[in-house]
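Chemist: First the structure, which I've put down as structure tokens, then a few questions once you've had a look.
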Amino acid sequence: MSQEKYIMAIDQGTTSSRAIIFNQKGEKVSSSQKEFPQIFPHAGWVEHNANQIWNSVQSVIAGAFIESSIKPSQIEAIGITNQRETTVIWDKKTGVPIYNAIVWQSRQTAPIAEQLKQDGHTKMIHEKTGLVIDAYFSATKIRWILDHVPGAQERAEKGELLFGTIDTWLVWKLTDGAVHVTDYSNAARTMLYNIKDLTWDDEILELLNIPKDMLPEVKSNSEIYGKTAAFHFYGGEVPISGMAGDQQAALFGQLAFEPGMVKNTYGTGSFIIMNTGDEMQLSSNNLLTTIGYGINGKVHYALEGSIFIAGSAIQWLRDGLKMIETSPESEQFALASTSDDEVYVVPAFTGLGAPYWDSNARGSVFGLTRGTSKEDFVKATLQSIAYQVRDVIDTMQVDSGIDIQQLRVDGGAAMNNMLMQFQADILGIDIARAKNLETTALGAAFLAGLAVGYWEDMDALKELNATGQLFKASMNESRKEKLYKGWKRAVKATQVFTQEEDADDDAK
């Protein structure tokens, strides 16, 4: 067998871990996936067992080798991408976590976040970290664990405990405890990292009483952090040389290297990230400012908008309403709709994300008539995804002053041609669907490969994930704006409905 060299990407997600082996053309050669248990101790709490995450990663590494007959010695480098914000604290000597990993979705630390807001720290934290104060980010999760595990604060102050997001935990495990690092993109999601000065922020650490010794060293997204311990990589001592949080890895995998380039991943929710270049731009409109990636001594900042419900709206049609049997079927139903009636579905099942950040909003439907069909309802649900993306894109253009020309897309719902065409129409710009939709893992592989010379430079990557299909806007301007104004009215009415409910409760 030829000793061709490859890059392995470890993609550690919220519900499963994957290992994917890529060749020099950026093609997937082998992959393995393993789910792991979700832990829900109380309503709104979401936790993982960090050792189960590690076990799942070991399993998929083996699986990728078994499927392909590729040997560990053929792996030139490893890239890691991960669910962001999820927090692990472990014993420095034994490597044993002192509590479950608190997952990014978990709301158990919301009271800590609310207290920070009430104490007037919103502006300071926003200006330093680019983030809003929220339980979403790692800072409140660290504080919660130190508060709730007996003796944890004292042990942390003695230097006996280490903190890490999942990237840090995996590197620490793969190197058998030799390396305690994170990267710019993951550090930027902790709410402890000053993204302007590129340092852990002493004022925020003091405010939350988090000992600095717990924190990992912050590195660029593409450099050799360490090598795998041979017994953790089937005899191979392989450089770990690329790391990025999942959405930033997708930005890199989409080759969005220039300011103004934007990608959207249509997953359960939708995550829209714009490369804003080397200038940190704080949003005035509820978008997050973060670090896209740092490479070759230069940091690229980004604006991010999160939409809570995208692909999960299609799952709702399938599992909740039983209107469709499979998710891909939604496209055929939508195309069969012959009505021009303006039906709007506002899928605020868990509130509205960017740019509204209205956690009280709930789902609603407007514009139904006796003539409304199942096909019309399915079409309106798909269109709601595109309308929400426009909400964020319009806001990004205002915040950045950049006129967006193209949206690069990936994720499961990006395979829906009807949705992609409507997305192009309602935005009035081109939609470029990646040829390789594995953009998150590919981004981690690219970062790792660049650090070891597997790919020469970023220009060499541009041929490796070309546009698979381009969707061009074809709707006339007046129709486009009429539809979008209807959407804005529907969102406003949805918010008013829950506001009036709150007012009724207050009156009681």
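Residue positions begin at 1 at the first shown residue.
Backbone N, Cα and C define each Cβ position, glycine as well.
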Chemist: Have a look through GLY177, GLY401, GLY412 and flag the one Swiss-Prot assigns to the ATP site that THR14, THR15, SER16, THR268, GLY311, GLN315 belong to.
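Modeler: Checking GLY177, GLY401, GLY412 against Swiss-Prot: the ATP site match is GLY412.
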Chemist: Check Swiss-Prot for me: it has ARG84, GLU85, ASP246, GLN247 binding glycerol, so pick out which one of TYR136, TYR193, TYR301 it puts in that same site.
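Modeler: Site partner of ARG84, GLU85, ASP246, GLN247 for glycerol, according to Swiss-Prot: TYR136.
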Chemist: Excluding near sequence neighbours, so keeping only residues 6 or more apart in the same chain, what lies with its CB under 8 A of GLY311 (ATP binding site)?
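Modeler: Result: TYR266, GLY267, THR268, GLY269, SER327, ILE385, GLY411, GLY412, ALA413.
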Chemist: Between THR15 (ATP binding site) and HIS232 (phosphohistidine), how many Å separate their Cα atoms?
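Modeler: For THR15 (ATP binding site) versus HIS232 (phosphohistidine), the Cα atoms are 23 Å apart.
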Chemist: Let me check the 10 A CB neighbour count of ASN416 (ADP binding site). How many other CB atoms are there?
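Modeler: The answer is 21.
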Chemist: At a 10 Å cut-off from the C-beta of SER16 (ATP binding site), count the other C-beta atoms across all protein chains.
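Modeler: Counting Cβ neighbours of SER16 (ATP binding site) within 10 Å gives 13.
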Chemist: Within the chain of HIS232 (phosphohistidine), which residues six or more apart in sequence place their C-beta under 8 angstroms from its C-beta?
Modeler: GLN58, LYS173, LEU174, THR175, ASP176
Chemist: Give the residue from the binding-site residues THR15, GLN247, GLN315 that has the most other Cβ atoms within 10 Å of its Cβ, counting over every protein chain displayed.
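Modeler: Selected residue: GLN247.
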